[in-house]
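K.L.:
One structure coming up, written as structure tokens, with questions to follow.
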């Protein structure tokens with residue numbers, strides 16, 4: 001029979017549990033609060049009764065000092081008359097302070113120590129009682145010294161008289177005052193816990209804060225008076241101007257209606273609360289527009305009256321230079337306002353263009369851009385910046401119908417035009433884009449807006465990206481999204497390898513499209529999709545099976561678009577040199593039909609960076625603010641970018657035209673980018689393509705890719721020269737499994753490369769040939 005363990009011998013038997021301790025403490029706290037409430041209910045009436053008895057005290061009432069049967073006038077009755085008489089005879093006028101002192105001390109004692117942690121810092125009840133008694137003694141003594149009267153009850157009472165007489169006999173009047181004052185301060189500290197030094201410090205801070213406050217008030221008053229004088233002066237000028245305008249002929253200024261960005265169906269769906277969380281009707285790969293910040297209400301630009309005044313001022317400024325013009329229209333936008341002027345006969349456009357800086361100085365604005373030709377009109381445009389510039393949010397562009405109705409998966413939301421309408425562009429029609437501008441002009445923000453535009457339009461099955469970021473700051477935030485072909489490239493040697501892989505991929509796609517009989521990537525994907533829907537998928541015409549592995553032809557898969565982002569093209573040109581320029585030129589010349597597109601950005605728009613070879617193959621360009629007309633001509637082949645305002649203000653040169661369009665780029669915050677990136681990371685795992693950044697690159701059939709992107713030979717990449725051969729050999733000998741899928745999974749490489757590694761091991765005698773069931777035996781001993 002098992003021996004029963006006594007309660008004392010059990011571990012922690014004598015220790016209360018945490019739950020029990022909490023229960024006991026909570027019970028005690030509840031009892032303490034209940035007791036405090038009861039004491040407060042009892043003390044409050046007593047103090048009120050005592051105060052009322054003191055205020056209604058009468059000498060004629062019978063009490064301690066006077067007996068009789070007269071009528072009691074005290075509101076507290078006989079007891080109140082007795083108590084008031086005793087207190088006045090004993091303490092004098094200090095009797096009025098006694099209920100107040102008792103009330104203050106009681107309140108501090110009851111409500112000053114709710115938390116147990118503060119219990120040790122509060123005074124004990126005995127000390128509080130000593131403080132109250134000391135307060136009565138000190139107060140009665142002070143009252144007796146300074147309010148001495150023949151009637152004892154009118155001064156400090158009997159107590160004050162006895163205290164002062166005793167102290168004066170030994171210390172005199174001066175010493176008695178000091179002693180009584182010291183006793184008063186100590187008593188107040190004991191009774192209430194008040195720190196006199198802390199009180200003096202607070203008073204000092206208040207006193208020191210008074211002079212700055214007075215100075216600030218005086219300064220505000222002066223500013224208000226100055227503003228009032230300015231308002232009165234403006235009123236006088238306005239009256240004079242109104243009289244002058246009344247004498248002139250009225251001018252017509254055509255103001256277009258305020259553009260309204262119509263929301264797309266996708267934007268309306270994203271604003272609705274889904275029935276099931278995590279469900280996206282357009283596919284879980286596309287992020288929701290709710291991840292972006294909503295546009296905020298902003299102050300508009302010029303008012304109608306200001307536009308009329310500016311129109312008159314423009315005409316007067318041109319008259320100063322002996323040029324007659326007439327303002328016939330004004331078109332306010334979110335950032336600038338375009339005034340359309342009609343010059344007089346015989347006035348050349350070059351005369352007006354040469355006066356852009358003089359007009360800007362005369363109008364007191366930062367810059368003025370002259371639009372020499374406006375299609376469809378015989379007027380000249382004069383673009384003047386608004387006083388209040390509106391911020392354009394990317395969410396407003398992506399919610400527009402212009403962006404949503406664009407059928408292309410490569411739709412870029414660039415910003416808004418001068419009229420406030422969304423401007424979108426199709427990268428597939430460009431087919432490549434060159435972005436240039438000085439530091440701080442908004443170039444990097446625009447690149448981020450382009451990236452997000454693509455991410456909100458196409459999933460990782462339809463679009464893959466290769467990002468090259470020499471500065472390691474702008475594009476590295478997109479690390480880990482499923483759209484990337486490889487990790488964000490920061491090493492320029494790896495950048496050259498990535499571009500070389502893209503050239504080889506372009507050549508491979510052209511071979512596929514030629515074998516299938518289509519002219520572009522859209523036709524190829526359509527033909528593959530139609531074949532799959534018909535139940536007869538197309539086989540890969542470039543597939544070369546290995547007879548030893550018993551491989552079968554693979555069906556063709558849909559090919560995604562590839563967009564290559566290079567954030568700082570000039571740095572890469574300086575490090576790598578001509579080799580990169582040749583690779584980019586090859587991609588720019590031929591990659592359009594293969595679905596590979598380039599977006600190049602640089603902050604150094606010089607001729608040694610933006611070479612003639614690159615400009616000839618990239619006709620679509622965006623120029624942000626630059627420092628000189630020479631830089632503007634380097635980018636756009638014409639001036640104008642030097643007059644931009646910065647912060648996203650750009651000139652967009654569409655493909656097939658020589659007339660740049662002014663666009664105000666959208667702002668993208670870092671928080672928005674991080675939210676979208678986190679959503680994409682959670683929606684799908686990273687799917688890097690093997691070998692994109694390798695120094696030795698091979699195609700699926702084992703052909704080595706040369707420095708120019710062309711295949712060189714068919715002898716490399718499948719034997720011991722593979723850089724991953726030693727690692728694969730170690731995995732096989734350690735795990736004792738010669739499985740292609742195991743090597744593929746452990747090394748994160750493609751199936752064909754893993755199969756070539758296993759085949760190389762078979763040639764070297766590490767593994768046996770495949771048996772009838774496909775298994776291989778590991779012949780080499782395990783590593784020691």
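Cβ atoms are placed via backbone N, Cα and C, with glycine included.
As the structure is a computational prediction, the values presented were derived from the model and not from experiment.
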K.L.:
If you check Swiss-Prot, which stretch out of 17-37, 38-58 is marked transmembrane segment?
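P.N.:
Based on what Swiss-Prot states, transmembrane segment spans 38-58.
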K.L.:
Including all protein chains displayed, how many Cβ atoms other than that of residue 444 (ATP binding site) lie within 10 Å of its Cβ?
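P.N.:
I count 21 other Cβ atoms within 10 Å of it.
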K.L.:
Same chain, not part of 440, 441, 442, 443, 444, 445: whose C-beta falls within 8 angstroms of the C-beta centre of the ATP site? Give them in sequence order.
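P.N.:
Output for this site, in sequence order: 437, 439, 446, 624, 646, 647, 648.
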K.L.:
Which residues does residue 440 (ATP binding site) neighbour through Cβ under 8 Å, counting only same-chain ones at least six apart?
P.N.:
646, 647
K.L.:
State which of the following binding-site residues has the fewest other Cβ atoms within 10 Å around its Cβ: 441, 442, 443, 445.
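P.N.:
With the binding-site residues 441, 442, 443, 445, fewest surrounding Cβ atoms within 10 Å: 445.
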K.L.:
Given a Cβ distance threshold of under 8 angstroms, which distant residues of the chain, six or more beyond its ends, lie next to the transmembrane segment (38-58)?
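P.N.:
Distal contacts: 73-76, 79-81, 83-85, 87-88, 95-96, 98-99, 102-103, 106, 110.
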K.L.:
On the three-state reduction of DSSP, what should I expect for residue 445 (ATP binding site)?
P.N.:
helix
